[in-house]
C-alpha cells in the first residue's frame with residue numbers, strides 16, 4: 001500500500017461581495033459612528049468627526065473588518081503617491097528645463113515651475129541659466145532622472161501618464177479588495193507567506209529589476225552623457241535592450257552573453273559590475289556601476305531570504321518557533337507570546353515598522369550627502385540641504401509615530417491576563433528603574449552639554465579665549481569619532497579586495513572631488529565644536545526617548561492613576577476632584593514628545609547646514625585653492641551659544657530678510673508667514689479652555705440680541721483638541737520658517 005503525505009488543502013482566503021458599494025454613506029457624514037451620524041448639535045462634532053474618521057478601532061471591534069479597512073486604505077495611499085509622482089514627472093515634462101540642464105548640469109540650475117504673470121508674481125521666475133526663467137527646485141528629481149537614463153521630456157510625459165494609470169489601478173484595487181473580494185483574517189495573519197512575498201517579491205525581484213534597468217539602460221546612456229554626447233544622438237532605451245552588440249561596444253563582456261555566468265567566470269562582468277568605492281570624478285556621484293552591482297547583490301540576498309519561511313510545503317522556518325526559541329538569561333519566557341501580539345495587534349506591528357523605517361530614513365539622510373548616489377547631486381547644494389533636512393524631519397515624525405502606536409497598543413490591545421513573565425511583562429515590571437535611569441542620563445547630558453557652552457560664552461564675554469574649550473585652547477577632540485573616520489579611511493585594502501577607495505570621501509585620507517569648479521565632497525574634519533554639538537544631540541534625543549518611552553510604559557497604569565487603561569488613549573484629566581492628574585494620558589506624551597523631537601531635529605539640521613557651508617561646500621580655483629562658503633568659521637564660532645545666534649542664525653538670515661524685490665521674495669513672505677503660524681500656535685498652547693468658553697458665551701449673547709444665533713451651538717475646543725491644534729501649528733510654522741531660511745540662503749550663496 002502507498003502511504004501519501006496528506007495534500008495541503010488550498011485555503012479559500014477571500015470573502016466575495018462582503019460590503020455593498022453605496023454612495024449613500026457619503027452623504028451621511030459620520031456614518032461610521034452612532035453618535036456622529038446624528039449630525040452636529042455643537043461645533044465639537046466637526047472635531048470629533050476628524051478625530052475618528054480613520055480610527056477604525058472605534059468603528060468596530062471585529063479585527064477582520066478593521067484589517068480590511070486598513071488594507072483598502074493602503075491602496076488609497078498608494079494611489080495618492082502615484083498621483084503625486086505623476087505630477088512631478090508631468091512638471092518635468094511640461095514646465096521644466098530638464099533637457100537644457102542635461103546638456104550642462106554644472107552651470108544650469110534645475111527648474112520645473114514657471115509662475116504665471118498675475119499681480120507681479122512673475123518676479124519669482126529667476127534666471128536659472130540657459131535662457132530659462134523659473135523657480136529653482138531642490139527636490140533632486142533631475143538628478144534621479146539622469147541616473148535612470150531619461151534623456152527627453154517626452155519620456156517624462158510617458159512616465160507621468162503611466163503613473164496616472166497606476167494611480168487609477170490602485171484606487172480600483174482598494175475598492176475591489178474591500179467590496180468585491182475581501183481577504184479573510186487568516187490571510188492577514190499568514191506571516192510566512194507575507195515575508196515570502198515582501199522579501200522575495202518586493203525587495204528581491206524589485207532590486208533585481210532595478211539592477212537590470214541600470215545595467216541595460218542607465219549605464220550605457222550615462223556613459224554617453226558623461227562623454228558629452230548630445231542626448232538627442234543617444235540610442236533609445238529599447239535599442240540597448242534589444243541590440244546586444246550596442247552594449248558590447250561599451251561593455252565588452254556583453255559580447256560573451258551568459259557564458260561567463262554559467263561557467264562561474266563571474267569576474268568577466270567586472271566591466272559593468274564594479275566595486276570601486278568613492279565618487280565618479282566626472283559627475284561627483286557614486287559610480288553607477290557600483291550601484292548596479294549593489295542592487296544585484298541586494299536582490300540575491302533578499303531572494304534567498306524570501307525562501308526561508310515555511311508556507312505550503314513542510315520546509316523552512318516558522319516565525320512562531322523562532323520567536324519562542326528566543327530566551328535570554330534575564331528574560332524569563334523571552335519572546336513567547338510576541339507572535340500572538342504581532343498577529344492580532346496592528347498597532348504593535350505598525351509601531352515596530354515605524355521605529356525601523358524612521359531610523360532607516362535618518363540613515364538615508366546621512367548617506368545622501370556622504371555617498372551622493374546621483375550624478376551632479378553633490379554640487380547642487382540647495383538639493384543636498386533639502387534632502388538632508390527632509391529625511392531628518394520625516395525620520396523624526398515616524399519615530400514619534402512609533403511611540404504613539406506602541407502606546408495605543410498598550411491601551412487597546414494589550415491583555416495583561418495572558419501575558420506573564422514574557423519579555424514585555426518583565427520590561428513593564430521594572431519600568432520605574434528604566435525611566436529613572438533614563439531621566440538621570442537626560443539630566444547629566446543636559447547640564448554637561450549645555451554647561452560646556454555656558455562656560456565658553458562666559459569666558460568669551462570676559463575676554464579670556466585661552467580658557468575656552470576650543471581647538472586652539474582647551475581641546476576636547478572627538479577621539480572616538482576620529483578613530484572611526486581613520487579606520488574607514490584606511491579600510492578599503494583590508495576589507496574589500498577590489499575596492500580602490502573608501503566608501504565615503506568624508507572619512508578622510510582621500511583627495512577632494514570637485515565638479516565644474518565646485519566642491520562635491522572632501523574629508524570632513526571633526527573637532528571640539530563637533531564634540532560640543534554632538535552632546536547636545538545626545539541630550540535632545542535622550543529627552544525625546546524619555547518622554548515617549550514613559551508614555552508607552554505608563555500607558556495602562558501608574559502610581560498616580562492605577563486605572564489609566566480604562567480612561568483610554570487620550571483624556572484631559574482623571575475627572576473632577578483629582579487635581580494634578582492632567583496631561584498624563586498616552587496621547588499627551590506623544591504631544592510633548594513632538595516638541596522635543598522638533599528640538600532634536602532642529603539642532604541636527606542647523607549643525608549640518610553650518611558645518612557643510614563652513615568646511616565642505618565652496619569653490620575651487622585653478623590653483624586648487626578651496627574657498628568655503630562661510631570660510632571655515634564653524635570650528636571657532638559654534639562653540640558659544642552667542643556664536644550660533646550671531647554667526648549662524650542672524651548672519652545667514654540676511655538672504656531671506658533681504659529677499660524682497662528679488663526672485664527669492666516668496667521665501668521672505670514665507671519666512672514672515674510661517675513665523676506668524678508658529679506664534680498663532682502659542683495662543684492654543686498657553687491658554688485655558690474656560691477663557692474661550694466665557695468669550696464664546698458673550699459673543700453668542702450678542703448674536704442672540706441681533707437674532708442671528710446659529711443652530712449649531714458654538715463650543716470652545718476641548719483641552720486635547722486645543723493641544724492638537726497648537727502642536728500642529730507649532731511644528732508647521734517652525735518647519736516652514738526653517739525651510740524659507742535654508743532655501744533663500746543656499747540658493748543665494750550656493
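Just so you know, the numbers here start at 1 and follow the chain as drawn.
Note: Cβ is positioned from N, Cα and C throughout, glycine not excepted.
Given the ranges 156-179, 228-251, 252-275, the record in Swiss-Prot names 156-179 as transmembrane segment. The binding-site residues considered are 691, 692; of these, 691 has the fewest other C-beta atoms within 10 angstroms of its C-beta. Beyond its flanks by at least six residues, the transmembrane segment (433-455) meets 427, 468-469, 476, 532, 535-536, 538-539, 542-543, 545-546, 549-550, 553-554, 639-641 of its own chain at Cβ-Cβ distances under 8 Å.
Put simply, of the binding-site residues 573, 582, 675, 692, the one whose Cα is nearest the Cα of residue 683 (chlorophyll a binding site) is 692. The largest share of C-beta pairs under 8 angstroms with the transmembrane segment (156-179) comes from 70-93, of the ranges 70-93, 195-219, 385-411, 664-686. Listed as Cβ neighbours of the transmembrane segment (70-93) (distance under 8 Å, sequence separation of 6 or more from its ends, same chain) are residues 54, 56, 112-113, 139, 141-142, 145, 153-154, 156-157, 159-161, 163-164, 166-168, 170-171, 173-175, 177-178, 183, 188, 346. In this view, the densest Cβ surroundings among the binding-site residues 573, 683 belong to 573, judged by other Cβ atoms lying within 10 Å.
Reported as a whole number, the C-alpha separation between residue 691 (chlorophyll a binding site) and residue 582 ([4Fe-4S] cluster binding site) equals 17 Å. Residue 675 (chlorophyll a' binding site) sits 24 Å from residue 692 (phylloquinone binding site), taking the C-alpha atoms as the reference points. In this view, residue 675 (chlorophyll a' binding site) is surrounded by 15 other Cβ atoms within 10 Å of its Cβ, with every protein chain counted. Within the same chain, residues 369, 385, 388-389, 392-393, 396-397, 399-400, 403-404, 407, 533, 536-537, 540-541, 543-544, 547-548, 550-552, 583, 630, 634, 638, 644, 648, 652, 723-724, 727, 730-731, 734, 738, 742, 746 sit at least 6 positions outside the transmembrane segment (589-610) and bring their C-beta atoms closer than 8 Å to a C-beta of that stretch.
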